[in-house]
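Per TrEMBL, the features are:
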DOMAIN    63-224  domain 'CP-type G'
DOMAIN    72-222  domain 'EngC GTPase'
BINDING   Thr112, Lys113, Met114, Asp115, Gly167, Gln168, Ser169, Gly170, Val171, Gly172, Lys173, Ser174, Ser175  GTP binding site
BINDING   Cys248, Cys253, His255, Cys261  Zn(2+) binding site
Amino acid sequence: MPKGKIVKALSGFYYVLAENMLYQCRGRGVFRKNKISPLVGDEVIFQAENEKEGYILEILHRKNELIRPPISNIDQGILVFSAVSPDFSAKLLDRFLVLMEAKNIRPIICITKMDLIADHVIDEKIRQFAKDYEKIGYPVFLMTTKEPETVKQVIPYLKDSISVIAGQSGVGKSSMLNCLDHRLQLKTGEISDHLGRGKHTTRHVELISLGGGLVADTPGFSSLEFTGIEADDLPNCFPEIKEFSIQCKFRGCLHQKEPKCAVKEAVENGDISSYRYEHYLQFLEEIKERKPRY
Ligand code: GDP
Ligand code: ZN
C-alpha cells in the first residue's frame, strides 16, 4: 500500500500527497476505533482508487502534534518576534523556545521590523541578543518586509521539514508569510472574505510546499503554559544548561542552590547568559507552583 502525507483537510476529505500526486481521500474508519482522527501532517497508508481519489487505511506514529494550528509531525518552529512595536522580549522568546524544545520542534528565530528601530542603542541590543541565541545554536535572522530578501533568508531552512510559524499577535507573522509566498497570502485573505465569515471561520490548515519543505499556512501555537513539562524536563529545554549540567556534582541537579553546580559556574564565567539563567529559574518556579502566568 502506498504511503503519503496529509497536506490539507477540508469538508471531510483529507488530501494526501504521495510522490508529487495529490489524492482526495476519505478515512476508512479503521482508526476511528482508536479514537484518533487524521491530522494535517500525518503520515498515512492509503489505497488509491484512481489517480485522484483514495482511502486512508492507517495513520502512522506521530512524533508530536499541536492543537492550534491542528497539525502533527512538526519538525521546525519559525519564531517571529519584532524588534519594536511590540518590543522584543527575551523572556517571551525563551518561553516559546522551551515549549518547542519540549515538543522536539527545532526552533529558528526571526526578528522583524528592523527598519523601525530608530535608536542605535536598541539596534545594538537586538544584535547582541541575536549573537547570544546564535551561540546557543539557534539560527537567528534579522529582517524587514521593506527588504523582502531579508525575509527570504529563511527559505533554505524549510527544506525537508514541516514548519509552523509562531509568535505574538502584531509581530508580523502574516506579513512574513505573504513575503515568503503569495499563495500563503491567498489562503489567509481570500477564504474568509469570500465566505464572509470573517475571523470566526473554522480554520482549516494547509501545508504549502516552499523551499523543498512544507509550511503551515496558519500561524499559531496551542498555549503558552508549561502544561506537561515537569521540573526535571526544564534543564533539557535550555540547550546550554543541558550541556553544562553533565558536570554538576549531583545527578538531578536543578541548578538552583545546589553545591558544585556547573551551570551556576558557567553563568558566573559568562558562558551562559545571566538573563537566560534568570528565565530558567523563573520558569522552574512557575512549574513547581503551577501558578498561572499573570
Ligand atoms: P501578525 O499579527 O503577527 O500576523 O502581524 P502582521 O503581519 O499583521 O503585522 C502587524 C503590523 O506590522 C502590520 O501593520 C504590518 O504592516 C506591520 N509590519 C510587519 N512586518 C513589518 C516590517 O518588517 N516593518 C514594518 N515597518 N512594519 C511591519
Ligand atoms: Zn547544577
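FYI, residue positions are counted from 1 along the chain as it appears here.
Note that Cβ sites are derived from N, Cα and C of the backbone, with glycine treated the same way.
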Among Thr112, Ser175, Cys253, the binding-site residues in the record, which have a C-beta under 6 A from ligand 2? Cys253
May I ask you to report the DSSP-based helix, strand or coil state of Val171 (GTP binding site)? coil
Residues flanking the Zn(2+) site, with Cβ no more than 8 Å from the Cβ centroid of Cys248, Cys253, His255, Cys261 and excluding those residues themselves: Ser245, Lys249, Phe250, Leu254, Gln256, Glu258, Lys260, Ala262, Val263, Lys264
Are any of the binding-site residues Ser169, Lys173, His255 near ligand 1, with a Cβ under 6 Å from it, and if so which? Ser169, Lys173
Give me the Cα-Cα distance between Ser175 (GTP binding site) and His255 (Zn(2+) binding site), rounded to a whole Å. 40
So if I draw a 10 Å sphere around the Cβ of Val171 (GTP binding site), how many other Cβ atoms end up inside it? 23
Would you count the other CB atoms within 10 A of the CB of Cys248 (Zn(2+) binding site), including those on all shown protein chains? 21
Which same-chain residues, if any, lie at least 6 apart from Thr112 (GTP binding site) yet have Cβ under 8 Å of it: Val80, Phe81, Ser82, Ala83, Met143, Thr144, Thr145, Val171, Gly172, Ser175, Met176
Tell me the Cα distance separating His255 (Zn(2+) binding site) from Met114 (GTP binding site), rounded to the nearest angstrom. 35
